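Lifted from Swiss-Prot, the feature list:
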SIGNAL    1-24  signal peptide
REPEAT    29-86  repeat '1'
DISULFID  Cys33-Cys121  disulfide bond
DISULFID  Cys37-Cys117  disulfide bond
DISULFID  Cys45-Cys127  disulfide bond
DISULFID  Cys57-Cys94  disulfide bond
DISULFID  Cys60-Cys78  disulfide bond
DISULFID  Cys61-Cys90  disulfide bond
DISULFID  Cys67-Cys103  disulfide bond
REPEAT    87-146  repeat '2'
DISULFID  Cys120-Cys138  disulfide bond
Amino acid sequence: MAIHKEVSFLAYLLVLGMLLFVSAMEHVDAKACTLECGNLGYGICPRSEGSPENPICTNCCAGYKGCNYYSANGTFICEGQSHPKNPKACPRNCDPHIAYSKCPRSGGKTLIYPTGCTTCCTGYTDCYYFGKDGKFVCEGESIEPKACTLECDSRLHT
């Protein structure tokens with residue numbers, strides 16, 4: 001009887017381990033990314049900016065969609081309304097109530113110039129990439145850097 005309990009327990013652990021392994025593998029994107037074909041001009045990655053001591057100059061209309069804007073005392077003011085790939089025509093006045101923003105991707109620069117192995121696949125999520133002609137190309141698809149192949153990304157016109 002004790003042997004059956006041990007076998008059942010080991011079978012249970014084996015099934016549990018297989019389930020954990022399969023769920024972990026679903027999060028791994030095995031797709032290799034392509035090399036840049038030379039047409040990405042720049043990217044916009046909305047970042048958290050300002051602080052209660054060093055306020056920013058913006059308004060809800062001009063603020064980036066997905067970023068939340070707060071007063072100096074931490075009160076939520078609004079979510080930004082302007083999307084980087086299709087910016088709204090907004091007044092350039094500063095809302096005196098807005099002191100800082102919180103955006104999904106907080107570190108690094110807002111305006112980036114892709115080089116080397118940057119494609120839509122390797123570009124960071126929450127970043128928007130534009131061609132050298134200034135037209136929107138794609139949103140980044142990678143949370144972490146990925147390996148690249150020698151093929152060209154069909155979304156980047158050569």
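Numbering starts at 1 and runs along the chain as it is shown here.
Positions of Cβ are set from backbone N, Cα and C atoms, glycine also.
Within the group of disulfide-bonded residues (Cys60, Cys138), the Cβ with the highest number of other Cβ atoms inside 10 Å belongs to Cys138. DSSP labels the residues of the repeat '1' (29-86) in these numbers: 0 helix, 20 strand, 38 coil.
It is 10 Å from the Cα atom of Cys67 (disulfide bond) to that of Cys60 (disulfide bond). With every protein chain in view, the residue among the disulfide-bonded residues Cys45, Cys78 whose Cβ has the most Cβ partners within 10 Å turns out to be Cys45. Averaged over the repeat '1' (29-86), the predicted model reaches a pLDDT of 83. Under DSSP, Cys103 (disulfide bond) is assigned to coil, being neither helix nor strand in the three-state scheme. Among the listed disulfide-bonded residues, namely Cys90, Cys103, Cys120, Cys121, Cys127, the Cβ with the most fellow Cβ atoms inside 10 Å is that of Cys127. Local packing around the disulfide-bonded residues Cys57, Cys61, Cys67, Cys94 was summarised as the count of other Cβ atoms within 10 Å of each Cβ; on this measure the leading residue is Cys67. When Cα-Cα distances from Cys103 (disulfide bond) are compared across the disulfide-bonded residues Cys45, Cys61, Cys90, Cys120, Cys121, the shortest belongs to Cys45.
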